[in-house]
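Q: Sharing the feature lines straight out of TrEMBL:
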ACT_SITE  68  active site, proton acceptor
BINDING   69, 74, 76, 78, 90  Ca(2+) 1 binding site
BINDING   166  substrate binding site
BINDING   196  heme b binding site
BINDING   197, 249, 252, 257  Ca(2+) 2 binding site
DISULFID  37-118  disulfide bond
DISULFID  70-75  disulfide bond
DISULFID  124-325  disulfide bond
DISULFID  203-235  disulfide bond
DOMAIN    27-329  domain 'Plant heme peroxidase family profile'
SIGNAL    1-24  signal peptide
SITE      64  site 'Transition state stabilizer'
């Protein structure tokens with residue numbers, strides 16, 4: 001039997017899914033596939049477990065993939081489309097070129113498993129949202145209900161990415177403006193940033209903090225000296241290896257927990273976009289609360305993921321169900 005705290009989290013999230021999103025995505029339903037693909041959840045849970053056993057970096061890769069998908073054309077699996085001679089797709093935009101291949105592979109495998117039992121029924125957009133939740137749960141994070149019924153989009157263009165995706169060097173004001181444009185708020189920003197509790201950042205994402213912070217300072221003065229030295233040792237100024245990465249959370253890089261917030265409280269934020277979350281009293285208070293109370297973070301994270309996965313959804317004739325997640329059917 002699930003612990004009482006987990007049951008409480010599930011009940012509150014279920015209420016949120018039924019009430020908060022009815023106006024934003026009123027055609028999404030918990031039981032959307034109950035008749036057309038009744039074993040969907042079990043199929044996707046199994047697929048996620050198999051992929052995780054192969055590649056422990058997959059959970060963070062899938063969650064990042066979902067974020068990059070939802071912030072461009074909405075949560076419509078447009079990030080999955082492969083470029084053609086006539087179209088440079090989202091996944092090949094410069095900022096997306098370091099998205100881990102295991103994230104894409106997890107979606108493709110999950111889709112194949114679903115198609116084997118329920119051909120032409122379940123969208124790639126829904127699959128991405130569901131398996132992101134599955135991977136979070138598999139690595140120790142919260143489970144939460146996922147509304148379904150999204151359709152796959154018809155557009156995927158690299159040119160649309162840069163102005164929509166929040167970058168790693170943005171300050172708090174810029175991040176809040178970006179989130180607001182997607183119908184998300186300050187709380188969502190702080191909570192969803194908690195996904196940095198697992199996964200890795202490329203050196204190029206924080207290189208500026210170490211060597212070229214401003215006209216007057218080579219290094220970001222907010223970096224603790226010992227932490228800065230460790231970053232410089234791992235990521236030299238003239239390093240030419242684009243594959244160099246460091247974990248956001250060195251203590252538990254493959255686990256979903258609240259250690260990210262403990263890292264921020266300790267002053268060891270990796271990215272400027274992480275550090276800037278400490279710039280306002282309200283965001284600092286949230287960070288400290290989540291560092292103290294993991295269950296509170298889990299409850300808020302599940303609800304924020306539901307809000308994220310309702311951004312710009314396509315329903316009805318606004319989208320379709322791709323047979324192949326990486327190519328348009330028409």
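Note that Cβ sites are derived from N, Cα and C of the backbone, with glycine treated the same way.
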Q: Cα of residue 74 (Ca(2+) 1 binding site) to Cα of residue 64 (site 'Transition state stabilizer'): how many Å, rounded?
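A: The separation of the Cα atoms works out to 14 Å.
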Q: Beyond the listed site residues 197, 249, 252, 257, identify every same-chain residue whose Cβ lies within 8 Å of the center of their Cβ atoms for the Ca(2+) 2 site.
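A: Apart from 197, 249, 252, 257, the close residues are 198, 251, 253, 255, 256, 258, 259, 260.
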Q: Over the domain 'Plant heme peroxidase family profile' (27-329), what is the model's average pLDDT?
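A: Average per-residue pLDDT within the domain 'Plant heme peroxidase family profile' (27-329): 95.
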Q: Using Cα coordinates, what distance in whole Å links residue 235 (disulfide bond) and residue 196 (heme b binding site)?
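A: With the alpha carbons as reference points, the distance is 19 Å.
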Q: Cα within 10 Å of residue 325 (disulfide bond): which of the recorded positions 78, 166, 203 qualify?
A: 78
Q: When you put residue 90 (Ca(2+) 1 binding site) at the centre and draw a 10 Å sphere around its Cα, which of the recorded positions 68, 124, 166, 196, 203 have their Cα inside it?
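A: Cα filter at 10 Å returns 68.
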Q: Starting from the Cβ centroid of 69, 74, 76, 78, 90, the recorded Ca(2+) 1 site, name every other residue in that chain with its Cβ within 8 Å, sequence order please.
A: 70, 72, 73, 75, 77, 79, 125, 153, 156, 312
Q: Minimum Cβ neighbour count within 10 Å among the binding-site residues 74, 166: which residue?
A: 166
Q: Pop the Cα-Cα gap between residue 37 (disulfide bond) and residue 78 (Ca(2+) 1 binding site) into the table, whole Å please.
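A: Spelling it out, the Cα of residue 78 (Ca(2+) 1 binding site) and the Cα of residue 37 (disulfide bond) are 23 Å apart.
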Q: Among the recorded positions 37, 64, 70, 124, 196, 257, whose Cα is within 10 A of the Cα of residue 76 (Ca(2+) 1 binding site)?
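A: Those near residue 76 (Ca(2+) 1 binding site) - Cα within 10 Å - are 70, 124, in sequence order.
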Q: Which ones, of the recorded positions 75, 124, 166, 197, 249, have a Cα no more than 10 Å from the Cα of residue 69 (Ca(2+) 1 binding site)?
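A: Those near residue 69 (Ca(2+) 1 binding site) - Cα within 10 Å - are 75, in sequence order.
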Q: Among the recorded positions listed here (68, 196, 249, 257), which has the Cα closest to the Cα of residue 118 (disulfide bond)?
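A: It is 68, whose Cα lies nearest.
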Q: Looking at Cβ-Cβ distances, which residues of the chain lie under 8 angstroms from the residue listed as 'heme b binding site' while being 6 or more apart from it?
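A: The list for the residue listed as 'heme b binding site' reads 248, 249, 260, 270, 271, 274, given in order along the sequence.
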Q: Just the number: how many Å between the Cα atoms of residue 75 (disulfide bond) and the residue listed as 'active site, proton acceptor'?
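A: Distance between the two Cα atoms comes out at 9 Å.
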